[in-house]
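Asker: Below: one structure in structure tokens.
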Amino acid sequence: MSSNKVTAAIIDYLKQAITTGSISEEEKESLEVAAQCIQDSFKIKPEEIKPKSGDRLVAAFEEYEKLHPVEEDSTAHVNKEEAEKLKLEGNNAIAAKDYQKALDLYTKAIEIDPTSPVYYSNRAAAYNQLGQFENAVEDALTCLSLDPHHARAFGRLGRAKLSLGDAAAAADAYKKGLDFDPNNEVLKRGLEAANKQLNQPSDSSATSGADQARTSAGAAPDLGSIFGGGMPDLGSLMNNPAVMNMARNLMQSGALNNIMNDPNIANMARNFQSGGGMPDLSSLANNPQLQNLARNFMNNNNNGNTDNNNQGNPPPQ
């Protein structure tokens with residue numbers, strides 16, 4: 001078959017599609033333009049376009065496929081099996097809490113098969129466990145670009161966003177995940193945690209988040225932040241919930257006696273009692289005993305708030 005006959009058959013096939021196909025008017029116009037462009041480009045005369053030549057072209061192609069079947073790429077099949085093996089090893093590493101090893105294994109699986117949404121979702125879970133939340137967001141979004149209905153990816157995205165302080169985005173992610181998996185308890189708990197954070201006053205949330213970050217890094221909490229950065233009077237101190245809560249804990253734990261044995265603290269107290277004015281709060285904030293006490297106080301408060309660490313992390317697939 002000459003090239004002109006093939007071209008003419010293609011034009012006939014397009015014209016048949018226009019008249020017999022269930023296509024919209026806009027699509028018909030596009031096919032008409034395409035057929036005319038091909039005819040003009042190859043200088044095909046109208047009499048060269050034989051009726052039903054398009055059908056014969058399709059039949060010839062189908063016959064060729066029967067005689068020359070496309071063989072499955074065995075190498076690709078083997079590679080996918082290797083990627084699945086790496087994924088399973090990564091899942092085992094997650095179960096053993098070896099998150100860095102899991103991350104490395106998922107990365108190798110992605111290098112072999114970058115089209116699997118599950119690998120990105122699982123690596124997002126590993127990133128979350130390692131505290132690399134920006135990377136977790138990126139992997140979760142990549143997974144969702146490959147599979148928009150992947151509920152677990154929404155959970156991992158929600159946890160990363162919540163850990164980054166974006167409670168609104170976290171709540172949105174958890175809600176979308178629940179649209180596809182309404183009975184998922186992890187997503188439900190994650191949404192509850194995100195809504196709880198959204199309902200907290202913004203200033204106290206920011207202060208709490210900063211204090212937790214400093215405490216988790218091993219640094220002393222900022223005692224000065226309790227006083228709002230200024231030098232308060234005694235009345236405002238007594239009305240400050242954070243100060244009163246700390247005072248109650250001091251008295252209940254018996255730690256107040258240890259503090260008063262510190263010569264610097266005792267001297268400040270005597271000076272205040274004798275009319276020497278308010279003590280230097282900057283010095284108080286830098287006192288090692290007070291810093292250590294505040295750190296322990298904050299850690300005790302945080303012990304009851306560990307649910308967020310488990311949000312969005314069901315077992316990997």
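In case you wondered, yes, glycine gets a Cβ from its N, Cα and C as well.
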Asker: If you look at how Swiss-Prot annotates this chain, which of 171-197, 198-224 comes out as region 'Disordered'?
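Answerer: The listed stretch tagged region 'Disordered' in Swiss-Prot is 198-224.
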Asker: Report the DSSP secondary-structure composition of the repeat 'TPR 4' (151-184) as helix, strand and coil residue counts.
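Answerer: Taking the repeat 'TPR 4' (151-184) as a whole: 27 helix, 0 strand, 7 coil.
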Asker: Looking only at the repeat 'TPR 2' (83-116), what are its DSSP counts of helix, strand and coil residues?
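Answerer: In the repeat 'TPR 2' (83-116), the DSSP-based counts are 27 helix, 0 strand, 7 coil.
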